[in-house]
């Protein structure tokens, strides 16, 4: 048996310059590293990301307490354990070493989901090496998936930013392109990159050079006023790139960010202080707006169209457009099996956004994915806006056979390292894999 010999944790910086946790896990087979991401628009039901709150350092965002928890609590308990026992190690960290719970399950508020996840991911890499497998194949075995014919995902590139990710007036957070008409991941990434480069030219011509600055996830944030303006830019870029018909559109609305709790309305002008309230919409009005957009543009997926507790509006929209358009829960579900069960019962959505740091372990991420797939949902594996050079989710999406991933624009190294890893995986698999393409919601 291979055993864990040592664990070293440290504070590093993510793509926004904020501290995050990195772990080196040592076995007889070598040293295995993992670093965790963090989000800007976070759902209130996510597992706890432990921050130091010392305002004299990194504006309170240090993670030295999480690092200390790894060294003092997690490491002594894991020395000598078999890294191939992923479930056992995750369970030990979550239920015994941490042990904190809320109504939605294990919340990791003692040790921090960032501490637990870093160790969980490093352990997964060590387990793969011990079994002599590439990480994606090892994850497939953990999930009980076949390893003979793998599925390469459709990449959803976030190329125009609004919402909390941008300084423009657009309420919706992400406008994405999805090259479903490609035949390989390599071709899909090429199409995505070409549309992105043409979009840059289109934006520069219309709004000037400074409009091509990029946001946290590599997308552009031109000074546009609303969703239709953003979508028209996308359609123009797709057209001039010569990829019409091969590229569909998706959006992450992140509606919880502009839901006014007291008035129970959505404010599409939420970034203008003391605005005239003319852009406020009820759940029903917002639903009708989405339906209009879906008729006008080639939408295949809409994420977080309503507030994270507005199960009713979700269910109505899913009922009305869900066959043609995937309705994805992110803040609604926070990769949490208990929240997924509730959404299944209420028929609230038909897609899960899978973010490993929302739930905090590899095992629970696999469980959430399997629960969604069992209920015939789509599953989109996702990065966070604060990322690192760790490409774990590229292997995860192939291992879990979800057929779809979003990890930013084809720009900025912390995004590209995931796309580049997907191309490497496809190359190593050769004819033993297929591109999910138009069937990305239910890849066979």
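Each residue, glycine too, has its Cβ placed from N, Cα and C.
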Check: Out of 148, 276, 330, 432, which does Swiss-Prot tie to the same substrate site as 165, 174, 303, 382, 383, 384, 385, 406?
Finding: 330
Note to self: Among 252, 262, 390, which residue shares the Mg(2+) site with 303, 330 according to Swiss-Prot?
What the structure shows: 252
Check: In terms of Cα spacing, which of the recorded positions 217, 252, 330 are within 10 angstroms of residue 384 (substrate binding site)?
Finding: 217
Next item on the list: Name, in the order they occur in the sequence, the residues of the same chain whose CB lies under 8 A from the CB of residue 355 (active site, proton acceptor) and which sit 6 or more residues away.
Entry: 39, 330, 334, 335, 382, 383, 384
Next item on the list: With residue 217 (active site, proton donor) as the reference Cα, tell me which of the binding-site residues 165, 252, 303, 406 is the closest one.
Entry: 165
Checklist line | Nearest of the binding-site residues (165, 303, 406) to residue 252 (Mg(2+) binding site), judged by Cα-Cα distance | finding: 303
Next item on the list: Would you identify the secondary structure of residue 165 (substrate binding site) according to DSSP, in three states?
Entry: helix
Notebook entry, point to check: Between the binding-site residues 165, 384, 406, where is the Cβ count within 10 Å the lowest?
Noted result: 165
Checklist line | Cα-Cα distance maximum in Å, computed over every pair in 165, 174, 303, 330, 382, 383, 384, 385, 406 that the record assigns to substrate | finding: 16
